[in-house]
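Trainee: Sending over a structure as structure tokens; questions will come in a sec.
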Amino acid sequence: MRAWRIYCSRDSFTLAGHYNNTRPMPQHTAKILAVDDEPRLLDSLQQLLALHGYAITTANDGRAAIEQLRTDSFDIALIDLKMPDVNGQRIMRYVAENNIRTDIIVISGEASFETAVEAIRLGAHDFLLKPYAPEQLIKRIENTIERRKLKSDAVDIQERLKNSEKLHRFLVNTSPDIIYVLNEEGHFTFVNQRVHQLLGFTREELIGKHYTTLVHEDDLELAQYAFNERRTGTRATHNLELRLRTKDREGHSHKSFATSVMCVELNATGLYANTSGAHDNARRHLGTYGVARDISSRKQAEAIIRYQAYHDLLTGLPNRTLFKDRLNMVIAQARRVGQMVAVMFIDLDRFKIVNDTLGHVIGDQLLRAVGRRIQTCLREGDTLARLGGDEFVVLLPQLTHRESAATVGRKIIESLTPPFLIDQHELFVGASIGISLFPSDGNSDEELIKNADIAMYSVKNDTRGGYSFYTARMESTFSQHLDLEMGLRRALTNHEFAIHYQPQFDAQGQTVCGVEALLRWQHPERGLLYPGDFIPLAEEVGLIGHMTEWVIDTTVRQMKAWVDAGIAPPRMAINLSALDLKRSSLVGEITQALERHQLPGERIELEITENLIVQDINIATQRLTELARHGISIAIDDFGTGYSSLSYLHQLPIHTLKIDRSFVQDIVPERTGRSVIDAIIAMGHSLELTIVAEGVETELQKDWLAQKRCHGMQGYLFSRPLPTEAVTHLLEAAISRNVDVTVQAESR
Ligand SMILES: Nc1nc2c(ncn2[C@@H]2O[C@@H]3COP(=O)(O)O[C@H]4[C@@H](O)[C@H](n5cnc6c(=O)[nH]c(N)nc65)O[C@@H]4COP(=O)(O)O[C@H]3[C@H]2O)c(=O)[nH]1
């Protein structure tokens, strides 16, 4: 074994000092294993490498080296070849066989070519001949470290590339969208699995095929932009909507294949060979790639939303928005060619009563049937729309004569005349139709609809049913209606309401057995108004609740005053509106008023119409039972006039039946058959209800009713409804048995 040249100089520190002066100390932590059977050499090697900042481990024979390599890991091993027992070649074999990632630099005194070649064959990374200069060794070590680093970086990059490719493959294959690549001619070179699921074509079927295989024929031109896309980045095609063909697959009923077309949104971009520094134009165009997203559900949802925005969902007819849209188009056209346009406002008569008595389900069916009948009276270019409730509008474009609109109006009225058979109910509804014409009655959609509405309103006010053309005069009636509404809103705060009381007498007409509270409105300009003039309006504009609350408080307070004065009749009847029973606050309002004024519930009777009960029997039962628990009794008003279903009579806590005035007025000398009133009285007796007849105007009526054992009577024969003061006098007189039953108060 040759000695190491510098080692012989004995002063390795001198050498190290020189080394220090010329080169910067390397900053690394490479771990090195030095193997030599020459202890001095090993020692000197250790000092040299430590001086350069390397972590060094030494082994003075082959066996120790193998043990170190087995138990530890090193970046570099400096191995002497010639060693007794286990030589350098054995160590290298061990490293190769065990796949140890330590780079080996052979340091050998053997200068032969064969030795070097064998060392390289056994896996040595470098070969250094003894003796050598320290710089030489350090240089070799640094080179090896550098090479290791490059190698490890390359492995790293490869690993990352592999992972990134894996990720992209995963994304492409699991993407909910179709991802494709086309070559320059537009043939598929790649398409992901999703295409099979969405369009029914397998990938194999498509590879090599031209993109037009997939595009719906009407969208071919559009598709060319996307599929021939050469641009990249933000200039490329974004969100282009296209229809793609789907392939029918027999036996499969996948949703997408139900139709032979699927809507997609396409994003495409040009694909270029990456020749560095070249512009798009100069670069080689390889084709296109893109992503197609299935937007069928979105399209469907959009279509539904569009439909809902422009249609009345109950009848499927256009709604106000679509009607106005069409009207505006027709107006513009008519203006150009100098034609007339008619707008007809149709309001059904008696719809409310059907809806209130038979319920919304029947009401809805009726509206649909009405829509169908009106439609049969119209031509193709006409539009029928439903504005809401029982209001329909018709648009007749290109009208040459005003008379044509009248003809259509008559046809509609005739078509609605025969009864509608719905759910075994024979229903009769008439219609009131108002007609406005462009250009004479208005220039805009709003104006024409409003004026047709005014014309309709005037028809409704005159005679029920029929049609009428708008005239300027009608506006004053309509504005009176609006004035009334405004006035009604102020009436409560202005204390314009009053209660008149109509006494009820026993069959002999001697004893006051009750009073009925009847609402009056002392209108500042129009004088005394009766419920028929304003209750329907109050219901329509949502004021009825406040009014009822006021009526309850006022009447309960009044009854209490009469009780305190010792002149109170047994019971006070209060009318409820159809909408009152629906209010959840009603029971509370009544019981609180009773409590507030310290009046027992037994003093109060609530009058409700049959229609009101039948409308929602469950709510009626619930509310009335609750009220009955407070001693309040219930009277059925206008009995026999509605679409009655008598079953409720057993179900509800009913105390009184009031025979409607129309039946009482049938009691005249010349009429003998009085089967309805007879039947009502008989039924009342059998159910043990109190029977009160309304509208008794003649002695004959009184005697007949008395003979039929009618318990109570109310009518002009005894007394008209009276203001509080007058009725108080009457009650006082009745108490002192000095009744003047002919007190006259109101006269209509
Ligand atoms: N021709 C004729 N008429 C007679 C005779 N005797 C009484 N009347 C009238 O007949 C109606 C009886 O009241 P109703 O059937 O409960 O019918 C009432 C009732 O349903 C409703 N109403 C009255 N006050 C209120 C109220 O405070 N709230 C609600 N929601 N409705 C009320 O308005 C309807 C009409 O009330 P009014 O106009 O006061 O009309 C009253 C009364 O003035 C008679 O001999 N001959």
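Residue positions begin at 1 at the first shown residue.
Note: Cβ is positioned from N, Cα and C throughout, glycine not excepted.
The domain 'Response regulatory' annotation in TrEMBL covers 31-145. Marked as domain 'PAS' by TrEMBL: 164-221. Here TrEMBL flags 339-472 as domain 'GGDEF'. Per TrEMBL, domain 'EAL' is recorded for 481-735. According to TrEMBL, the feature 4-aspartylphosphate maps to Asp80.
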Trainee: Over the domain 'GGDEF' (339-472), what is the model's mean pLDDT?
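Mentor: Averaged over the domain 'GGDEF' (339-472), the predicted model reaches a pLDDT of 92.
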Trainee: Give me the DSSP three-state residue breakdown of the domain 'GGDEF' (339-472), ordered helix, strand, coil.
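Mentor: Split into helix, strand and coil, the domain 'GGDEF' (339-472) gives 57 helix, 42 strand, 35 coil.
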Trainee: DSSP on the domain 'Response regulatory' (31-145): how many residues come out helix, how many strand, how many coil?
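Mentor: So the counts come to 54 helix, 25 strand, 36 coil.
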